[in-house]
Ligand SMILES: [Zn+2]
Ligand SMILES: [Zn+2]
């Protein structure tokens with residue numbers, strides 16, 4: 001049985017480790033590598049899928065770290081000629097923005113900790129028309145969980161309706177009642193605007209972090225990585 005390919009979440013945690021230790025990496029049998037391997041195993045234990053006894057062991061974890069060298073210009077000619085598209089994308093996005101990398105790794109670790117404490121992982125199904133965030137699956141789930149929280153969504157809609165007399169898309173102005181009549185009454189989606197790297201598992205969501213969006217606008221935001229920011233979506237509509 002082969003172990004599953006490395007997820008974006010795992011690659012982000014590994015790259016964070018790589019950047020913090022470069023150029024003097026702890027050895028294969030070091031405490032630090034063991035610690036990273038343990039973290040990846042804790043995370044993997046919460047994901048379904050078959051794993052064999054070598055899953056993210058210290059050897060594999062160390063090899064994966066060294067794989068990043070193939071993208072690293074400080075190690076010209078070094079590194080192994082292996083690595084997938086996700087690895088390259090994670091390298092491109094995060095190796096030049098260490099603050100974002102650290103913040104994202106911390107956000108992922110915070111979620112792994114809450115999973116350990118038996119908080120049920122948010123059960124949020126994926127939309128085949130959407131891509132996960134650059135920041136990985138756990139944070140994508142956290143984002144979806146918040147913007148689909150029924151009571152929060154209701155409060156957001158009520159507040160908006162009280163002010164504007166109706167609910168409509170905050171990006172393009174689409175009003176479902178205008179087009180579909182009563183069947184469209186109250187129909188609108190919520191989008192959580194906070195960068196996913198800043199999400200923390202036990203933090204409350206403020207209504208001001210949510211915007212109302214029609215289904216088209218919402219899909220376009222999540223359609224490709226990196227997800228569009230709300231202002232970027234608005235700018236597209238103004239063209
Ligand atoms: Zn819209
Ligand atoms: Zn959204």
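Yeah, the Cβs are placed from backbone N, Cα and C, and that goes for glycine too.
What TrEMBL records for 169-224 is domain 'HNH'. Secondary structure of the domain 'HNH' (169-224) per DSSP, as helix, strand and coil residue counts: 24 helix, 8 strand, 24 coil.
For the domain 'HNH' (169-224), the model's average pLDDT works out to 94.
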